[in-house]
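> Here it is: the structure, laid out below.
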Amino acid sequence: MCGDCVEKEYPNRGTTCLENGSFLLNFAGCAVCSKRDFMLITNRSLKEEDGEEIVTYDHLCKNCHHVVARHEYTFSIMDEFQEYTMLCLLCGKAEDTISILPDDPRQMTLLF
């Protein structure tokens with residue numbers, strides 16, 4: 001992966017977990033051909049392991065096919081929550097947890 005192609009390595013994206021696409025605002029331009037254009041997504045794979053979905057793919061420069069970053073996105077269900085994570089040199093790191101129940105138990109107030 002190429003740290004010279006990005007503005008910031010692994011930027012913190014909060015809860016924004018991308019299953020596909022590219023975070024072009026963080027793309028400084030290709031360190032090999034010096035062009036700043038759209039990215040190609042290649043080598044996309046989806047694996048399921050122990051109830052967890054793992055999506056991986058490579059971000060490539062559209063012009064010279066230089067590998068800019070490797071993207072990993074995971075999805076799983078733990079108890080009553082959907083959990084998402086993303087880790088990518090270009091797109092950043094993020095995680096999110098969402099309740100699958102109609103009322104999120106984390107946001108319920110205690111009644112005394």
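Yeah, the Cβs are placed from backbone N, Cα and C, and that goes for glycine too.
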> According to Swiss-Prot, H59, C88, C91 bind Zn(2+) 3; which one of H66, H71 is listed for that same site?
H71
> Of C17, C30, which does Swiss-Prot put in the Zn(2+) 1 site with C2, C5, H66?
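Record check against Swiss-Prot: Zn(2+) 1 site with C2, C5, H66, extra candidate from C17, C30 is C30.
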> Within 10 Å of the Cβ of C88 (Zn(2+) 3 binding site), how many other Cβ atoms are there?
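Around the Cβ of C88 (Zn(2+) 3 binding site), 27 other Cβ atoms lie within 10 Å.
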> Please report the number of other Cβ atoms within 10 Å of the Cβ of H59 (Zn(2+) 3 binding site).
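H59 (Zn(2+) 3 binding site): 27 neighbouring Cβ atoms within 10 Å.
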